[in-house]
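**Student:** The structure that follows is given in the form of structure tokens.
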Amino acid sequence: MKSQDVRKQFLDFFESKGHTIVPSAPIVLKDDPTLMFNNSGMAQFKEFFLGNGTPKSPRIADTQKCLRVSGKHNDLEEVGIDTYHHTMFEMLGNWSFGDYFKKEAINWAWELLTEVYKIPKENLYVSVFEGSKEDNVPFDQEAWDIWKTLIDEDRIILGNKKDNFWEMGDQGPCGPCSEIHVDLRSAEEKALVSGKSLVNNDHPQVVEIWNNVFMEFNRKADGSLEKLPAQHVDTGMGFERLCMALQGKTSNYDTDVFMPLIREIETITGAKYTTNDVTGISEEQNKMNIAIRVVADHVRAVAFAIADGQLPSNTGAGYVIRRILRRAIRYGFTFLGTKEPFIYKLVETLSEQMGDSFPEIRTQKALCSNVIREEENSFLKTLDQGLILLDAVILNNTGDTIDGKKAFELYDTYGFPIDLTALILSERGLKLDEEGFQEQLQLQKERSRAASKVTAGDWNVIVEDDIQEFVGYDRLSQQVKITKYRRVESVKDGEIFQLVFNATPFYGESGGQTGDKGYLEAQNGDIVYIIDTKKENNQTIHLTQSLPENITGTFNAVVDANQRAKTSSNHSATHLLHQGLRKILGTHIEQKGSMVRNASLRFDFSHFSKVTDEELLEVENFVNARIRESLPLIEKRAIPKEQALEDGAIALFGEKYGDLVRTIKFGDSVELCGGTHVANTSDIWHFKIVSEGAVAAGIRRIEAITSEAAKEYFESQAVSLAEIKEALKNAQDPVKSILALQDENAQLKKQLEALLKDKAKNMKADLAKELQEINGVQFLAKQVDLNPEGAKDLAYELGGSYNNLFVVFATAHEGKPMLTCYISKEIVASKNLNAGQVVRELGKYIQGGGGGQPFFATAGGKNVDGIGEALAKAVDFVK
């Protein structure tokens, strides 16, 4: 059975059972501070389990793109090593929100597996929760009794809290679960060892395929459980594992989910993959298989994340995506011999394979490919640089063990993979101080955890089952009651309180727009300031540094009108900017992200070349023309999404929209948007682009200002121009005067360079007398009174006259220390010397660094006082 048919039959089955089929949510999560990515099928329905919203149907089914790489569900280091873990995977799921419970969930799961998919009953085992004295939760007798009617009792297994009690996190909805496991071993293997003994024991052919979670409890901050007001069902079935079972394979990677990618990797790299049924393979072949599995898995995770709007970066979710991609690159580099980018080429195959089920991977194909290629180029350079640095560490090492601190520095500062370090050391007969490395890694993790630790108390509920109303589109103040609150403590923010109101005029941070600030006024006039507003799990959270004295009273919630006006001005300007870019650069332009603050706006968009100054001016003029036209805001609320799209509204990629949406229209600009906006474009006053640049391959970023910030910008420019005129003695044409000064300066620089070259030549004879012969090397380390360019000329002058030369010159031109190293080419190889390594090592003494070629390199720094020590240490390289 093909994977496309497996997916379709699942959705068709649950549709026949009265379930509404919904699309997958984006793999990247928004408005949930506890998760970076969708790591399970239920993540997009979390707000319903928490009671913060009502689903469109009490019965829902879907296939959800998931990513598991960090936290509780950390599978990253296992991926590729075994045959059934993945970073990105599909989770087939069906849900009941206060509707059916255990009986229907279990019976339907059994019906689908045994009657539709026709998995033999004798290949299946199930588990039920054995109970927990610690939590005072009894054995799940109900689930056991249901299973008894479907399967022999000797195939029902009792599971402990670890395996059969599912929790959303440290706090929140949870409950017992019942897992279904499939035994894919041969008849001969089954005769030798019972499958029952292998369930939940990490056997590659006895694996869990479906988990039915019965949500009936809430875990409180103190660890205790309380009953939920309604019972829910949350099930998840691993699509890749199901395909393995239905296609008669013993590895997920041998199914048609992965084999097209694997065959393409073979074609590109020349490597060969052996499927799981091939036995007796060599260790070298096993390593190659692992590398191919890693690449095939990771390109899916990275491409889907990029397609959903998450670019690789150095922080947060972007850093996780970069880590995944770099793991794939280094496996290719180490075990497949790939020294050039190749992973980006797999996006085409992935698009062909999965584009029908997930159209975003097809529409964003070019972006995914370009971003991955740029990341590959960058990291391959890092690997080359790391190899040079590792060579320097090895060269300066005494003994047969490399210090773990040194290895950690390569890993942490330069991004050089520790497993690659260990491999290279092993090849050279050296050992890695793994204990020292792990110690440094653990210290870093502890520092990171301590810095980001957040402790949240339980919600103190004042009003049960209250639905929050947002009134902030229409007014900036509202009489409110606090419905619940809690205390939160973090290293970053200290103690703060989170408040939820029955109604709020405050806009919570979402959709790229920052949250409102303002205050809460009690009836006696006491004020509590609201320092920020967030949107979490479909509820607006108001952050304060203290609680009102009478928490159950009635308050006037007031938004800071000035900040809201500035933020709204910038948000409306992003819509006009988007329209202008599409008009002037082309309709290929797509918004890839934005940040709207009260002070400025940032807009990321797809475009594969730098936007010229002329184009930027044209875009700026377009937006300002729309502002001068005084276009009124035409807003439509709660209209069907299909109708909005038919009316020409633009939907932003990576955003999750409900069935009912809001549209914002200014003239011909129409977008789906939940943010706040000006009533008329004239309220924006003026739009000014202040910067344009690249964010990633194919992604450009414009930063701009409007309103008061634009006025302040022009006032500042006027002051600067006046100061320039004054400095030029009130020249009538300051531009002409500046160009004349630049021309004069260039002539003087040329004269100065000629003088310095002459000075260097004159110094050559004196310095030649100071050369010392050490181990067959003509050595000199000295500070010279030249600029860096002069030091370079001097080094080359000496190099042209003397063989076996090793010189290090230091300069302190304009207070900036600089080191210049020249090594004769004949001793670079014979003495295993490298100028780049030399300046990197000596650069530490001047608080800097640098690099270059093996025979010539430079390093800059900040500490002039370190020059003496750097020069003194230079001789160690030739001793």
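Going from the start of the chain as shown, residues are counted 1 onward.
In case you wondered, yes, glycine gets a Cβ from its N, Cα and C as well.
What you see is a predicted model, and the numbers here were worked out from it, not measured in a lab.
Checked Swiss-Prot, it gives:
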| type | residues | note |
| --- | --- | --- |
| BINDING | HIS571, HIS575, CYS673, HIS677 | Zn(2+) binding site |
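What does the local environment look like for each feature on the list?
**Tutor:** Within the same chain, the residues at least 6 positions away from HIS677 (Zn(2+) binding site) whose Cβ sits under 8 Å from its Cβ are SER568, HIS571, SER572, HIS575, LEU633, GLU635, ILE664, listed in sequence order.
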**Student:** Neighbourhood of the Zn(2+) site (HIS571, HIS575, CYS673, HIS677): other residues with Cβ within 8 Å of the Cβ centroid, in order?
**Tutor:** SER568, SER572, THR574, ILE664, GLU671, GLY675, THR676
**Student:** Counting across all protein chains shown, how many other Cβ atoms sit within 10 Å of the Cβ of HIS575 (Zn(2+) binding site)?
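**Tutor:** I get 26 for this one.
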**Student:** What's the number of neighbouring CB atoms sitting within 10 A of the CB on HIS571 (Zn(2+) binding site)?
**Tutor:** 26
**Student:** Run through the Cβ atoms and count how many others sit within 10 Å of the one on CYS673 (Zn(2+) binding site).
**Tutor:** 25
**Student:** Under a three-state reduction of DSSP output, how is HIS571 (Zn(2+) binding site) classified: helix, strand, or coil?
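**Tutor:** Its secondary structure by DSSP: helix.
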